[in-house]
Amino acid sequence: MGQTGKKSEKGPVCWRKRVKSEYMRLRQLKRFRRADEVKTMFSSNRQKILERTETLNQEWKQRRIQPVHIMTSVSSLRGTRECSVTSDLDFPAQVIPLKTLNAVASVPIMYSWSPLQQNFMVEDETVLHNIPYMGDEVLDQDGTFIEELIKNYDGKVHGDRECGFINDEIFVELVNALGQYNDDDDDDDGDDPDEREEKQKDLEDNRDDKETCPPRKFPADKIFEAISSMFPDKGTAEELKEKYKELTEQQLPGALPPECTPNIDGPNAKSVQREQSLHSFHTLFCRRCFKYDCFLHPFHATPNTYKRKNTETALDNKPCGPQCYQHLEGAKEFAAALTAERIKTPPKRPGGRRRGRLPNNSSRPSTPTISVLESKDTDSDREAGTETGGENNDKEEEEKKDETSSSSEANSRCQTPIKMKPNIEPPENVEWSGAEASMFRVLIGTYYDNFCAIARLIGTKTCRQVYEFRVKESSIIAPVPTEDVDTPPRKKKRKHRLWAAHCRKIQLKKDGSSNHVYNYQPCDHPRQPCDSSCPCVIAQNFCEKFCQCSSECQNRFPGCRCKAQCNTKQCPCYLAVRECDPDLCLTCGAADHWDSKNVSCKNCSIQRGSKKHLLLAPSDVAGWGIFIKDPVQKNEFISEYCGEIISQDEADRRGKVYDKYMCSFLFNLNNDFVVDATRKGNKIRFANHSVNPNCYAKVMMVNGDHRIGIFAKRAIQTGEELFFDYRYSQADALKYVGIEREMEIP
């Protein structure tokens, strides 16, 4: 028993040594290969340069070149000094005029930065990428600063570990190299040095054969366990095993992944269901900023099932032409039956959205079929969280039983098809391609029974053919809930009075500081009211248009009904420190004249980007400053303060470095995030601090995002430098800003 325990203890240690030894060998081999590649490339480039030089020399020999006359004297030029250049060789002396350059004041120091026009969210840096150079004076005053800085990153510094770098190529080579060892080699430490050298030579002789031939069997688990122990940041042993499988699987050229849907515009387009066609769209598209893979919202809101009224989807009762489907017998009755079925169907809230993923061993049918599994909503967006547990699964099963229709996007399948009145004329036998069928299923969830509009969008089918295809697919397309079911009541004046009072109550709870404002995340609690457990209510935020709650939610912000400029506290939006929403505020002009600068609403400047022209020049106070080109009026929007959006913890780590540089561009956005314009930002970052500023900053809610706006505190003339209050403490103000600009005497 004693020997067995000793051997089991020595096994992992031995494998760790092997991992380190093979890793160092592979790294050294990679460096040698890289050096050989550099030498080969250098020789090749050198040869090309020599060949090109020889070609140019031959061309110059054939050309006639006019000789240059050497100036021997400049005495004829008055007020100039001469400078002669002589040589010990047989070259004549050269005399040229000497011109003196006057001293020029140097420009202020500026660190490199990347220009941005909107905020950019970044992840926290848990590893110190480089140790900043502070100068000898800073280190002499505070010798422990570097040590404390490294402690803030838990001692993780980029490049300080000998075995810190491993990419996919080295990982595969390392696993293959470790696979040469036998399972009986765990007690190599007890062997003689001569025997160990012989084994090492045998391994080196077999490495060439190993590289040419693929491994016969999958590597043992102990190999991945040893690699995981040496590189814990690369994942567990199971994760490394899956990664090795993915990297070593041989893929055929041009083969698509098992979960990939062919391009709808390509020759291999297939007829697939709506959720499969829109899976990438729902996964990558951000519904808050209307971009793919946006860099501002890590959480993508799920599509709101409460549909707005849209004139594009309104059904036109007039036929589009003599061949319109409405001339067919039974067409109008069929459309009326669809509308009646939609009105009968109440809107159901989905039980929760998760990122849909198809199993590897299954594929969706090319033709629609009725299936209980397909009624599950798979075209999900990025999830806010993952629910686990038996209780949650029971709830999901109960919700699945209740759900017969998914949402307004018609992602589910209905088992009660609508019967069509038989037509006198037989339907046309038209073949639909996979792309056309998939496009029809995508559009039917938006345009419903507006077959003329769907035909115009498809482009290759008439509205009659679209209508007949819709009748054919009636058994698998669910009736969509009508948009009139959730229409709010018409008593808007009383509702807005209550909301104005509600806004004042919320505003009284906040003192205007960004430290008491929390970041907004859309709430998503199906069939649950927005009570004390709602995340929006907990954070004292209003429910926005991105939330999944009902439009009758008591915490939902309704917008304003102003007919003025929305620049006083009489406007609910202005009172709540938020810009007017063009989707909610329909009477103040926020939704009108989007391309025009003459907008009646003055509370939508940040979202429109109505910034002023700013000029960058040396400041009269310190370093660089920003100046206004055109005059602005009091309370007029000047620019948005843009930069990287980082967490409060990351801001604390960066701030300690910025304090030593005595230069900081950190700006509190809310209680969760900070805007840092040090590395990325716009020109307003150069606005200096003043206790008597001509601008002020205000954090506003703009379409669900907190953004920082810089406004004029008074009327500013052309060419004035912009200042705003950094809200320094008295000690910090004396420490960082020792110069105050001179006040102009009127």
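Cβ from N, Cα, C; glycine included.
Swiss-Prot lists 182-195 with the feature compositional bias 'Acidic residues'.
If you look up Swiss-Prot, you'll see 503-605 marked as domain 'CXC', on the strength of sequence analysis.
According to Swiss-Prot, the domain 'SET' annotation covers 612-727, on the basis of sequence analysis. Helix first, then strand, then coil: DSSP counts for the domain 'SET' (612-727) stand at 18 helix, 55 strand, 43 coil.
For Ser75, the entry in Swiss-Prot reads O-linked glycosylation site.
Marked as phosphoserine by Swiss-Prot on the basis of similarity to another entry: Ser21 (among others). DSSP classifies Ser21 (phosphoserine) as helix under the three-state reduction.
Sequence annotations record features per position, and here Swiss-Prot assigns phosphoserine to Ser76 (among others) based on similarity to another entry.
Per Swiss-Prot, phosphoserine is recorded for Ser363 (among others), and the stated evidence type is a large-scale study or a structure entry.
Annotation source Swiss-Prot lists phosphoserine at Ser366 (among others).
Annotated region 'Interaction with EED' per Swiss-Prot: 39-68, in sequence order.
Marked as region 'Disordered' by Swiss-Prot: 180-217 (among others).
Sequence annotations record features per position, and here Swiss-Prot assigns region 'Interaction with CDYL' to 329-522 based on similarity to another entry.
Under the heading region 'Disordered', Swiss-Prot lists 340-426 (among others).
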At a 10 Å cut-off from the C-beta of Ser21 (phosphoserine), count the other C-beta atoms across all protein chains. 13
If you average the pLDDT over the domain 'SET' (612-727), what number do you get? 91
